[in-house]
Amino acid sequence: MTVSEHSESRTVSGGTATLAAASGGGKGVNVIDDLVWHTVCPVDDLMPERGVAALVDGVQVAVFLLAEPFEGARVHAVQNLDPFSGAHVLSRGIVGTRGGVPTVASPIYKQVFSLVTGECLALADKEPKTGLAADLTAYPVDVRDGVVHVGTPA
Amino acid sequence: MVNSSVPGSAGDTQREAARSDDTQRVVVVGGGMVAQRFVEALRSRDTENRYSIEVFAEEPRPPYDRVGLSRWFTEGPEALTLGEPELWDDPLVTLHRDRRVMAVDRERRTVTDRLDKVHHYDHLVLATGSYPFVPPIPGADLPGVFVYRTIDDLAALRGWVEQKREASPNKPVRGAVIGGGLLGLEAAGALKALDAHATVIEFGTHLMGVQIDQGGGEALKRLINNKGIAVRTQTATKELKPHKRTGHVGRMEFADGGRLDTDIVVVATGVRPRDELAREAGLEMGERGGAVVDLACRTSEPDVYAIGEVACIEGRCIGLVAPGYTMAEIVVDRLMGGDATFPGADTATKLKLSGVDVASFGDAHGRADGCVEVVWADQVAGIYKKLVLSDDARTLLGGVFVGDAGPYAMLRPMLGAELPEGDPSAFILPEGGNGAALGGLELPDDAAVCSCNNVSAGQIRAAVTEHGCTDVPGVKACTKAATTCGACLPVVKKLTNTELEKAGIEVSTALCEHFELTRAQLFDAVRVADLHTFSEIIGRFGRAPEGATSPGRGCDICKPVVASILASQGNGHILAGEQATLQDTNDHMLANMQKDGTYSVVPRMPGGEVTPEGLIAVGQVARDFGLYTKITGGQRVDMFGARVEQLPDIWRRLVDAGFESGHAYGKSLRTVKSCVGSTWCRYGVQDSVGMAVELELRYRGLRAPHKLKMGVSGCARECAEAQSKDVGVIATDKGWNLYVAGNGGQRPAHAKLLAEDLTREELLTTIDRFLMYYIRTGDRLQRTAPWMEEVEGGLDGVRQVIIADSLGICADLDAAMADHVANYEDEWKAVLDDPEKLRRFTSFVNAPKESDPNLAYVAERGQHRPATDAERAAAASGAEDAPVLISGPSLEVRS
Ligand SMILES: Cc1cc2nc3c(=O)[nH]c(=O)nc-3n(C[C@H](O)[C@H](O)[C@H](O)COP(=O)(O)OP(=O)(O)OC[C@H]3O[C@@H](n4cnc5c(N)ncnc54)[C@H](O)[C@@H]3O)c2cc1C
Ligand code: SF4
Ligand code: FES
């Protein structure tokens with residue numbers, strides 16, 4: 001899921017969502033509509049068609065900047081944990097498209113995941129590790145005033 | 001069991017153990033091709049280990065591919081290996097080399113070998129083959145007269161040519177071959193290849209008289225002449241005269257009064273069965289020799305079989321390998337209780353002389369009653385093609401192909417079958433007609449596609465439909481088709497691909513959903529269109545997937561391919577601009593990702609050479625950053641467990657200590673392994689380390705379809721194992737021998753000899769071109785060995801392109817490599833100098849000081865390694881005996 005425009009009703013804690021506050025969650029947090037919004041980084045810190053890892057409330061999230069917007073959004077986020085290897089590496093996979101949908105490929109065993117839904121699109125002859133689901137958690141993303149925010153359930 | 005003679009090898013006890021009391025002993029006399037097939041077949045079918053096998057071979061080596069004998073000159077003995085070498089390690093198989101059998105005692109059921117040892121048998125298989133027939137010409141026993149049957153014969157022949165050349169270096173060595181059949185022409189080709197003159201002397205009216213008719217013979221003569229080989233037909237050799245001074249063969253005198261001065265004579269006038277054992281044992285003999293056998297391959301004596309060229313079956317001995325293989329399978333079937341019989345021989349033949357296409361099958365001379373012939377000939381081009389058909393012009397009875405054997409592979413399996421409606425000449429007309437008609441042929445299931453290995457079209461189809469093979473190499477391994485002479489390969493490929501298509505298995509050569517092209521096509525397209533970014537390339541050559549309007553943004557398959565193509569065409573640093581988005585994680589981080597998401601770091605140590613200071617610096621870096629160290633197979637040091645954010649600090653230290661990127665992360669040159677060579681080793685004949693360093697510095701950073709490994713050995717002892725590399729160099733007294741297309745790994749491939757005794761300059765140029773040709777035409781993730789199998793013309797074809805410049809691209813290849821050499825820069829140093837490129841080496845964009853909290857290690861043998869899942873769980877549960885976890889981030893970083 002990707003939120004591209006925030007609604008009018010949303011209140012933004014004016015000016016507090018700055019880079020200085022964005023350190024592993026805790027600060028720069030905003031609760032709106034059952035979602036806790038975390039400030040991650042300026043969008044300028046992202047590199048087109050590559051990912052970065054972020055610590056959001058202690059959880060590793062992989063944040064990607066697409067070359068061109070998909071369904072209106074250029075920034076997408078999924079879990080950084082690769083369910084097939086157990087390593088936190090998805091931010092370092094190759095970004096591309098499958099049938100037009102933006103994807104990331106695991107750098108370890110090459111499974112391909114949708115960046116929009118987190119769905120695993122190619123298993124590459126492997127099963128996820130026990131206790132892990134093949135599909136990824138996709139996080140809502142909001143880019144406001146040039147700053148990337150990631151939402152987690154409240 | 002009496003008088004068993006088991007050689008004192010490590011497998012003895014194992015062998016005894018594998019034998020039980022009711023194991024029956026099969027003795028095979030002769031260690032040739034047919035014996036090999038017999039052992040292979042019996043071991044694969046005798047799953048209950050009912051038989052043990054002892055093979056007595058006169059030659060000092062395991063059975064080898066005699067059909068491919070001439071390749072020994074160019075590719076060495078390894079190229080002649082037959083089947084899996086493990087066959088001879090089987091506890092139920094014993095191979096006695098260099099152990100001729102001297103006598104058979106039928107009463108006692110024993111054989112006696114040349115060491116006078118006596119061996120009992122329950123079943124005896126004679127597979128003694130043939131010997132070369134030398135007609136009683138006076139002088140045929142002079143020094144300098146050779147035959148052409150074994151590796152030893154070829155080695156002697158080559159030695160003689162070399163000796164003659166050394167004796168008078170300024171005179172060409174002159175050679176003559178008596179006999180213009182298949183063998184004689186191959187021998188003449190070998191003389192040419194050894195740089196000697198060659199004249200073929202044929203008694204009959206035309207060359208290859210057994211296989212082809214006069215018309216074909218004429219066309220063939222022209223082709224042979226074009227190869228620089230002289231031909232004299234209708235010439236009987238009367239006498240060989242010695243040279244006055246040396247006493248070596250010096251002159252041939254012919255019945256018509258003609259003479260020919262010569263330094264070497266090869267006699268290739270046919271073969272006769274090696275039937276002396278059978279004769280002395282009192283077995284029934286054929287009129288023209290050979291042990292008479294019935295259709296089950298049994299001789300007149302119960303429990304004695306004869307197979308291969310020594311067997312006289314249906315009244316004659318057959319000098320071809322395929323019928324011999326069939327006989328081997330029949331005897332195995334009989335031993336296993338079956339009732340197989342000999343189905344008649346396929347005598348189709350194809351000349352294996354490079355650049356001369358000759359093939360014939362069936363009734364090539366048109367001897368059948370009322371048969372009709374369709375001939376197409378082009379005198380100028382030296383092409384002659386003939387089909388022999390039944391009187392209604394429908395059933396194919398035979399064919400002759402000279403100068404263009406293209407239709408042979410497809411038509412031979414149709415022997416005895418009805419051709420489809422239409423004009424049969426369509427199959428032999430040049431161009432258009434040819435391809436079209438042949439392409440439409442549907443082979444019946446029982447058509448014999450591979451005559452060497454007796455594989456039918458149906459079996460090949462079944463390999464796909466029933467045994468789940470999904471490519472040609474798989475089908476080859478499963479059916480053995482196309483693994484001997486290779487003549488049937490085009491048909492095997494076609495059948496396999498047709499079947500795969502029917503089964504809905506993608507045989508498309510498209511790279512991925514974004515590109516319809518193969519890597520080689522894309523490489524050319526990008527080069528010709530002069531494109532430099534992925535966006536341009538996908539915009540121009542990409543295809544939109546089903547239902548989409550634009551091709552999208554590529555994927556993990558095409559992006560690294562385009563990255564490699566761009567790198568090979570000189571587009572600067574691999575992380576420059578949009579190129580950074582194409583690299584897979586290893587190239588992107590310039591390090592190798594390991595299973596826990598950390599990286600390993602490998603600095604270059606060219607040729608495996610490193611100074612003590614260098615080693616100390618590497619050791620200090622590893623210690624300071626807590627890295628696990630190990631020596632790689634490529635003679636350098638690998639340091640494991642580096643986190644993304646540590647990589648720049650690690651490399652700053654390494655670069656300061658004089659190291660540069662080792663490209664262990666790239667599909668590029670890895671290492672040039674070397675032995676110590678002539679500088680220290682008492683056997684070395686050249687400076688192998690010096691050469692290895694030069695090669696590694698020349699090709700470092702060169703990106704290719706897959707990784708590249710090289711090796712250099714200082715003498716023929718080959719301590720650097722160069723023949724298992726993509727490029728292997730072995731020192732000789734005169735220079736360097738160059739081997740190519742080898743690899744270790746899961747499917748090991750032995751490198752093939754590309755060129756001999758090269759100077760340093762010649763060596764560099766040849767490697768330059770070999771690598772560039774491969775880089776341009778190789779498929780995605782295709783190493784040089786499989787590439788060599790697929791590239792047009794194989795090894796010979798590559799030689800044509802990069803040595804003879806048959807495509808006129810050498811200048812281009814040279815320029816491309818010169819560009820690479822001139823523009824090399826250390827990738828890591830360039831990253832350290834560029835803050836923009838350094839940005840990617842952060843752990844967390846919002847917490848750059850923190851490290852991946854999920855890393856955990858345990859101590860082992862004085863170092864540490866990633867904790868297993870079980871160890872993590874145990875530690876989490878707080879169990880008493882749980883291992884102590886060392887968490888990644890807690891490792892102190894001293895800098
Ligand atoms: C240069 C060349 C090219 C050829 N090209 C083709 C081709 O294109 N197509 C084709 O079908 N065929 C070809 N042939 C023929 C093919 O090689 C033979 O048909 C095949 O090798 C026969 O196998 P075999 O096992 O019967 O005999 P061999 O391979 O000759 O093996 C017999 C072995 O038995 C050994 N031996 C003999 N007597 C004894 C004894 N008393 N004790 C122990 N060992 C003994 C011999 O030393 C020999 O090693 C070619 C042959 C040559 C030489
Ligand atoms: S290959 Fe030759 S030169 Fe090199 S180490 Fe071995 S014996 Fe010495
Ligand atoms: S016909 Fe010789 S390998 Fe198939």
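In case you wondered, yes, glycine gets a Cβ from its N, Cα and C as well.
As annotated by TrEMBL, region 'Disordered' applies to B:1-24 (among others).
As annotated by TrEMBL, compositional bias 'Basic and acidic residues' applies to B:13-24 (among others).
Annotated domain 'FAD/NAD(P)-binding' per TrEMBL: B:25-311, in sequence order.
Per TrEMBL, the feature domain 'NADH-rubredoxin oxidoreductase C-terminal' maps to B:348-410.
The domain 'BFD-like [2Fe-2S]-binding' annotation in TrEMBL covers B:449-495. Across the range of the domain 'BFD-like [2Fe-2S]-binding' (B:449-495), the DSSP-based residue counts are 24 helix, 4 strand, 19 coil.
If you look up TrEMBL, you'll see B:594-655 marked as domain 'Nitrite/Sulfite reductase ferredoxin-like'.
The average pLDDT the prediction assigns to the domain 'Nitrite/sulphite reductase 4Fe-4S' (B:666-791) is 93. The domain 'Nitrite/sulphite reductase 4Fe-4S' feature in TrEMBL is assigned to B:666-791.
Marked as region 'Disordered' by TrEMBL: B:863-895 (among others).
Residues or ranges marked as compositional bias 'Basic and acidic residues' by TrEMBL: B:863-872 (among others).
Same-chain neighbours of the compositional bias 'Low complexity' (B:873-883): 856, 858, 867, counting only residues six or more beyond its ends whose CB sits under 8 Å from a CB of the stretch. Here TrEMBL flags B:873-883 as compositional bias 'Low complexity'.
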Most Cβ pairs under 8 Å to the domain 'Nitrite/sulphite reductase 4Fe-4S' (B:666-791), of B:25-311, B:449-495, B:594-655, goes to B:594-655
Residue counts in helix (H, G, I), strand (E, B) and coil for the domain 'NADH-rubredoxin oxidoreductase C-terminal' (B:348-410), per DSSP?
5 helix, 31 strand, 27 coil
